[in-house]
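Student: The following feature annotations were taken from TrEMBL:
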DOMAIN    A:74-286  domain 'ABC transmembrane type-1'
TRANSMEM  A:12-35  transmembrane segment
TRANSMEM  A:74-99  transmembrane segment
TRANSMEM  A:111-136  transmembrane segment
TRANSMEM  A:156-181  transmembrane segment
TRANSMEM  A:202-227  transmembrane segment
TRANSMEM  A:269-290  transmembrane segment
Amino acid sequence: MILTPKARRKNWGLAALFLFPSLFIFGVFTFYPFFENFRLAMFQTPPYPGLPSKYIGFSQYASILSSSEFMQSLLSTLFFVLLVVPTGLLLGLALAVAAHKALRGMAIFRVIFSSTVVTSVAVGALIFGTLMNPIVGFLPWLGINPNPPLLQSPTWALPSIAAMAIWQFLGLSFIVMLAGLQSLPDDVLEASRVDGAGAWTTFWRVTVPMLSPTIFFGLVVGTIYAFQTFGQIDILIGSQNASQLHVNVLLYYIYQSIQGTNPDPGQAAVLSIVLFVIILIFTLLQLRFVERRVHYAGK
Amino acid sequence: MPASSAPPQLASPAPKVTHHLLNYRLRLIARYLILTVGSLIVIIPIYLAIVNSLLVPSQLAHQPPPFFPTNPQWHTYPDAWSSGHLGVYIRNSLIQTIIIVSLQIVTSVLAAFAFAFLEFPFKRTLFVIFLSTLMIPFEVTVTQNLSTISSLGWMNTFQGLTVPFLATGFGVFLLRQAFLSLPPELREAALLDGYGNVRFLTRVVLPLSRPVIAALAVFSFLGSWNQYLWPLLVSGNDNKIRTVQIGLKQLAATQLDQINVSLAGTVIAFLPLIILLIIFQKQLVRSLTAGSVK
């Protein structure tokens, strides 16, 4: 397109005007706080509010990252992610494969399987909190009646929260997998069947490799989702018990550092950086893996 | 499946057909079995929440648990609405969500239009900067944002609740893709007709991009309605701007002996979104899977 110099300059002004609102919000509420974390992480929060905070540089990282509380929080977080993401994705894939064919009643099944995507963490927490409540008769009727109750047990609290998160992630996982399946060219699957491959072989040798971009997209989305889990813990466990029940995942640990009577911005900043770096590593690893797999699959 | 992998010409036609038919039937049954089990996993918790919301509290501990409300306590719903303040919280959530959705669309449309149709210096760099916001989860910036909001005096206000979310890298990315896929002849025809950029945006681009804007709207509606961490931090102990999600936490905490009422509140908070899902399923799927399928 050929534009006169005058029109071009007019374009610059308009572009600046159009970009400004987004850039302003990003500057103030994304980039500034992001970089401010790195500055704050160098300062030790004073023992009493009102005193000036002290510059201690990188030793703050060392003292927090080597604390047993941090290690425990990190392990809980990773364990939680491992419980939620693979299970959620496998269930989503299984349901998507089952609901993929245009058969009778499939529209209803699809709405049902997608439905948990619209549930909020608070809704999920209240529904499952009631089911897991030891007074309510449902679990005891099934013969599940541990003492201490599920959500008060250091062994079972985290897996119980994970079960809720899987249920809630299932909707998104199903939607992503179904969209992936529907984007596959039918002729390739048909060709494999004509070649005499059974359903099981076709699924593992043809469908899954071709679906690998979708599966890894699901992995990235699911990992980020799992790292952001917060509401269920806040509603069902609460600050006093989170650490003792081994459910103080990183985000909850950050929340505890800024709330309460003695907020610790320095610690919160270090933990925020750690959370960012872990999510970044997971995302990049998965993206790298996608590229390799996609090439491997010959696409 | 060994049967279907046998060379077809070796088998005589008649038994092969019945065998395949049987195989097909079995597979169909297996499929519906998986579908039914999956549906039960999803539905039972929701169904029990609805049943439990209608029970007399003493029935809750009963074994076996009642799977049908024999003596439905419909009053739990008005109770949750008024004495649980859910009516107020839903109004607050609606205000918050409408502000975020409408302004996110405005900022995204403008920025996406600039990236798709305008020429300006540092275009690539700026686009990378926009994309990089997708790599910074909000949770990572939450500590500092809280002190920004508090030094602006915006705690317990709708500004504080919404302003940090008025721009979205995802929205810009989604809309830019859609704008770029419009036929380039449109742009030339509009220029020939003497349309300026603004008229091209409002008369040509926006009407043609309605489906993708709807997808962004549904996505951002869901995201803001279901926000938890930020409203919890900003609304503090004040009722004034408390949203449904935080209201549910309150409902769970203050009325432990009234599980039925808190579950009624849960159903009230959940139902509008199920209706939304059924109406806008296509748009929702489109936005959720943006980037997953090439």
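Using N, Cα and C of the backbone, Cβ positions are placed for all residues, glycine too.
The structure displayed is predicted, hence computed values, not measured ones.
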Student: Do the transmembrane segment (A:156-181) and the transmembrane segment (A:12-35) come together with 3 or more C-beta pairs under 8 Å, pairs six or more apart in sequence?
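Tutor: Output no: the transmembrane segment (A:156-181) is apart from the transmembrane segment (A:12-35).
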Student: Where else in the chain does the transmembrane segment (A:111-136) make close Cβ contacts, counting only residues six or more beyond its ends and a cut-off under 8 Å?
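Tutor: Long-range Cβ neighbours of the transmembrane segment (A:111-136): 95-96, 99, 145, 149-151, 160, 163-165, 167-172, 174-175, 229-232, 235-236.
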Student: Apart from its near flanks, which chain residues at least 6 from the ends of the transmembrane segment (A:74-99) lie with a Cβ under 8 angstroms of it?
Tutor: 106, 109-110, 113, 158-159, 161-162, 165-166, 169-170, 172-174, 176-178, 180-181, 203, 207, 211, 215, 218-219, 222-223, 225-227, 229, 246-250, 274, 278
